[in-house]
Amino acid sequence: MPVAATNSESAMQQVLDNLGSLPNATGAAELDLIFLRGIMESPIVRSLAKAHERLEETKLEAVRDNNLELVQEILRDLAELAEQSSTAAELARILQEPHFQSLLETHDSVASKTYETPPPSPGLDPTFSNQPVPPDAVRMVGIRKTAGEHLGVTFRVEGGELVIARILHGGMVAQQGLLHVGDIIKEVNGQPVGSDPRALQELLRSASGSVILKILPSYQEPHLPRQVFVKCHFDYDPARDSLSPCKEAGLRFNAGDLLQIVNQDDANWWQACHVEGGSAGLIPSQLLEEKRKAFVKRDLELTPTSGTLCGSLSGKKKKRMMYLTTKNAEFDRHELLIYEEVARMPPFRRKTLVLIGAQGVGRRSLKNKLILWDPDRYGTTVPYTSRRPKDSEREGQGYSFVSRGEMEADIRAGRYLEHGEYEGNLYGTRIDSIRGVVASGKVCVLDVNPQAVKVLRTAEFVPYVVFIEAPDYETLRAMNRAALESGVSTKQLTEADLRRTVEESSRIQRGYGHYFDLSLVNSNLERTFRELQTAMEKLRTEPQWVPVSWVY
């Protein structure tokens, strides 16, 4: 084996030490290098490298595979010497011993590879499930449990028999490894089980102490699933789900929770567990939940119309719309949000910080405070406008000035993240401006409309999205009064303005909450700013969960 490969630890460390020079040499993206470092530093990968090193070691080969013939030649040569030397006689006696002869015979068989592997056990034909079972095919499995304890297994009826449908990851049965999917349950504590899955579940749940199961093994080979992690975008309570095959085996979760999917064999029900730990449970699959949420009423509703004959129908046609980016908020309201596949990344700095919130909630104040606090680390874009510059204004200081025709052409070409018109003039944020701030090595801080997050949420911008939530009405009014008294603000908000801010904040949270990485209630600007600082520092020291599309 080559010397350079004898020490996998030093070889991997050498790769890690040289990752910093890869961007210049290969043009690799920063996010790809972060992902590569996370893989290289993973204990699993290091263990695999050690295993590979062991497997690649020089294999021992037999010198010869006819040692029995060689021993016979030696014995013939020793025949004459044995009469003259006691040592030769002892050697001849050892070489002729049955145990030594068997050892040499076994060695020669292995060296010449003349051995045969026995054929695998054939699977059982389900068509014979109702025929008498040979006594040697039945197994007895013993389980100790307490009353009310769930075994972590569900059943189905197949050919009149109760068959194990699924084994929940992390449950009692999965940990013991004595039962497998497809096993047929014949008896429980000597009593036939019948053909009712719910009755069997209740019998097993109420049993305590030693439970003896008579089973007919399935001989199915289990397969190892790939690791899948998802972020949930809805709340789920199995106790309230009428479709659940086993409410006790369900897993409860809330929107924003991170789950590991451990089994997806069933098209409608997956097995999952919380990434923080705990036993696995059943959750509705992506397909099942999409069907449930997409269920709509029939086109014709049986509602009587005045002035018509009895029994006539009032028809309601479905509204058809062509997708327009200018009206994407309408489509966002009808987007089905179930699960989002995510991946765990080592600590890294996000390229953009996106502040989302209602108008007047304090986004711009937080952005300005963050840039003033660390201008070498944070920056922002200069907005573009089609209005003419004032005498005191300079290009790039406050605004970048372009003609209306040029700006309209760039808007049609999709070069603006967002844009609007005020008093006959266009204003907007160019996407290239964001790229420029990121290229300078700074985090680009943006306070944009919620619709813009869909454009930014890519591997190019890897945004950290923070929702600045409005406090309750009374707190918001007190904050505005304090800002007026301290001279921080000169605009007094009316009662309608305050209520509008609170209502808009709630609408944004309902419609775009699945995009938020963090939510901060801005009831005190200084406290909210400190919480934002802390969150940004954690990104540099703690692992992060990001959409899997950013990684692969």
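Glycine is no exception: its Cβ is also placed from the backbone N, Cα and C atoms.
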- Item | Feature phosphoserine, as given in Swiss-Prot - residue among Ser121, Ser244 | Ser121
- Task: From Thr117, Thr303, name the one Swiss-Prot lists as phosphothreonine.
- Result: Thr117
- Restricted to the domain 'Guanylate kinase-like' (350-537), the mean pLDDT of the model is 91
- Task: Take the domain 'SH3' (225-293) and count its residues per DSSP category (helix H/G/I, strand E/B, coil), listing them in that order.
- Result: 14 helix, 24 strand, 31 coil
